[in-house]
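According to Swiss-Prot:
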- 1-18: signal peptide (SIGNAL)
- 22-127: domain 'Ig-like V-type' (DOMAIN)
- CYS43-CYS110: disulfide bond (DISULFID)
- 132-218: domain 'Ig-like C2-type 1' (DOMAIN)
- ASN137: N-linked glycosylation site (CARBOHYD)
- CYS154-CYS201: disulfide bond (DISULFID)
- 222-315: domain 'Ig-like C2-type 2' (DOMAIN)
- CYS244-CYS299: disulfide bond (DISULFID)
- GLY332: GPI-anchor amidated glycine (LIPID)
Amino acid sequence: MDLRLYTIFVGFFSVVYAQRTPTISYISQEQIKDIGGTVELECSVQYAQDYPVLWMKVDRNRQVDPLPISTGSSLIIRDSRFALRYDTASSTYTLQIKDIQETDAGFYQCQVIIGLNNKITAEVDLQVRRPPVISDNSTRSLVVSEGQAVRLECYAGGYPAPRVSWRRENNAILPTGGSIYRGNVLKISRIGKEDRGTYYCVAENGVGKGARRNIAVEVEFPPVITVPRPRLGQALQYDMDLECHVEAYPPPAITWLKDETVLSNNQHYSISHFATADEFTDTTRVITIEKRQYGKYQCKAANKLGEAREEVELFETIIPVCPPACGQAYGGDAAEISTSMALILISTI
């Protein structure tokens, strides 16, 4: 071969070789690790001897500037958990992270810088298993009117993606049927007072113990009165308790009436109240009954949604009824009614 031609031929291939563009020949696949574990991320390059090779951490949402971790075979980040190895034979840069934390999750980008605005990149996604955390945009509590349509929403972050389920306090039946509902949104097409109470949103993904949010659902409804014993008998000069149970929300005003006159605490009547969240028990004790106190009494309950009334009739008996007359003097003398005495308890008619 002509010497000049050979020189041109060799020179041509030398120039081509010198101008070959660097490439990233290998990048690690997605990594899924536990908190406290260790991960190694590999990036292999070709034709990059004269170009800077960097590891960067890139925000998953691309809203924060990338964080430089290393350049060439040197670490930039000041974190003892990070280490870097460079294998010259394979041109592989291995980034090691020990004692992985939740904040380490994200994209790790291998970069070969060719020019000011020219670079080659490849990314590996590091996922860190983390327990569920219920999001702020989930329902916290609700106050609704009876008959309304209701949506209870529950969302949770974590990795793997959490599964969301719904339960009620004491495993009560859900409005949708059954004791468990799976899904982010629990829909109640027409809520009733029996649907009120605490609902549990439970998020689980197999990491940790899961997360739970208690959601209080208050249902506004007009008073509903139940009288355990509509007819009660008692002898003259003895006490008797008249009782009514009320369900309502908001809490109702409860009054007792006799002959359309509102009763109050005095020497003839003693009125007591016992309340839970939306259940109320009102008891009126008729003290040392006189003839005029026999008859019909009304328990009245009212809130902004409505009013209800129920009657209790008090009638005269010959023999005192225990309770509440246990231990009271009989017929005005000093003898006391013994618990062993044969007493007559007049049942509801």
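In case you wondered, yes, glycine gets a Cβ from its N, Cα and C as well.
In space, ASN137 is the closest of the recorded positions CYS43, ASN137, CYS299 to CYS201 (disulfide bond), judged by Cα positions.
Note on proximity: of the disulfide-bonded residues CYS110, CYS244, CYS299, the one nearest ASN137 (N-linked glycosylation site) is CYS110, by Cα distance.
Nearest by CA distance to CYS299 (disulfide bond), out of the disulfide-bonded residues CYS43, CYS110, CYS154, is CYS154.
Remark: CYS244 (disulfide bond) has ILE225, THR226, VAL227, PRO228, ILE254, THR281, ASP282, CYS299, ALA301, GLU310, VAL312 as non-local neighbours, by Cβ distance under 8 Å and separation of at least 6 in sequence.
DSSP assigns CYS201 (disulfide bond) to a strand in the three-state reduction. Rounded to a whole number, the C-alpha distance linking CYS154 (disulfide bond) with CYS43 (disulfide bond) is 40 angstrom. Here CYS43 (disulfide bond) comes close to ILE24, TYR26, ILE27, SER28, VAL53, TRP55, THR92, TYR93, THR94, LEU95, CYS110, ALA122: these same-chain residues lie at least six apart in sequence, with C-beta atoms under 8 angstroms from its C-beta. Cβ contacts within 10 Å of CYS201 (disulfide bond), excluding its own Cβ and spanning all protein chains shown: 23. For the domain 'Ig-like C2-type 2' (222-315), the number of residues in each DSSP class (helix H, G, I; strand E, B; coil) is 3 helix, 61 strand, 30 coil.
Break the domain 'Ig-like C2-type 1' (132-218) down by DSSP state and the numbers are 6 helix, 44 strand, 37 coil.
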